[in-house]
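This report concerns only the one structure given below.
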Amino acid sequence: MSEVRVGLVIEDDQDIRELVRVVLSQAGFDVHTASTGSAGVTSARELNPDVITLDLGLPDIDGFEVARQIRKSSDAYIIMLTARAEELDTLMGLEAGGDDYLTKPFRPRELRARVEAMMRRPRASSDVKSAPEEADPEMIHNGLAVSAGSRTAILNGTELKLTRTEFDLLLALLETGRIVRTKADLARRLRNEPYDVGSYVSDADERAVEVHMGNLRKKLGDSIQGPRWLETVRGVGYRLAPAANNN
Ligand code: CA
């Protein structure tokens with residue numbers, strides 16, 4: 001792990017900005033900061049950070065819009081920091097492109113735990129240290145080709161721009177096929193926990209899975225009624241849609 005990881009803190013409150021900067025520095029990041037939304041969007045484009053903490057209440061552009069702007073050029077892991085515990089805000093934040101969120105006031109060690117869980121998830125093929133001859137199993141389902149090694153998803157010759165969270169959810173369904181994955185199971189998968197440890201998953205965590213699945217469905221152009229990939233099992237979770245006959 002000699003590669004330097006870059007963190008970006010977008011926060012207008014100086015005290016919180018400094019607190020988050022210290023937490024990320026201690027987690028081994030080369031940390032940059034921005035105190036406005038527009039500066040944050042510019043820094044995200046220039047620095048290509050691995051992780052971004054994004055305050056939702058910024059003086060110039062609101063945090064949701066900042067997330068949408070950043071998502072145009074970045075697959076960084078975005079943790080949204082919200083002053084309000086309202087579920088609507090967090091769901092809107094995830095819809096706008098956030099991966100995770102924390103409500104202020106938060107404990108530094110909580111932020112550190114989120115960041116470290118994220119770092120255990122590979123980002124791209126260059127991060128994966130595997131023997132060159134080791135096969136990269138590519139999975140193809142209804143015309144969608146997904147490679148776990150290079151973390152790419154290709155549909156009709158075009159690589160989809162998925163966030164890490166979206167990619168991990170897609171991969172989880174491809175791996176288990178027609179077996180139903182519960183939302184709690186998928187939430188644990190996103191924390192990089194084995195699915196049988198039974199750790200606590202809140203309602204909000206399950207809502208977050210629903211929002212990420214919705215975003216993924218949009219990017220795939222998949223339909224709820226006649227899914228090609230993401231089949232919703234009402235009240236339970238998700239599974240891979242069956243293979244189409246004409247495929
Ligand atoms: Ca603020």
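Note: Cβ is positioned from N, Cα and C throughout, glycine not excepted.
Bear in mind that TrEMBL entries carry predicted annotations, made automatically and left uncurated.
The model shown is predicted, which means the values in this text are computed figures rather than measured ones.
What TrEMBL records for this protein:
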{"type": "DOMAIN", "residues": "6-119", "note": "domain 'Response regulatory'"}
{"type": "MOD_RES", "residues": "Asp55", "note": "4-aspartylphosphate"}
{"type": "DOMAIN", "residues": "136-242", "note": "domain 'OmpR/PhoB-type'"}
{"type": "DNA_BIND", "residues": "136-242", "note": "DNA-binding region"}
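In this model, the domain 'Response regulatory' (6-119) carries an average pLDDT of 91. Cβ neighbour count for Asp55 (4-aspartylphosphate): 25 (other Cβ atoms within 10 Å of its Cβ, all protein chains included).
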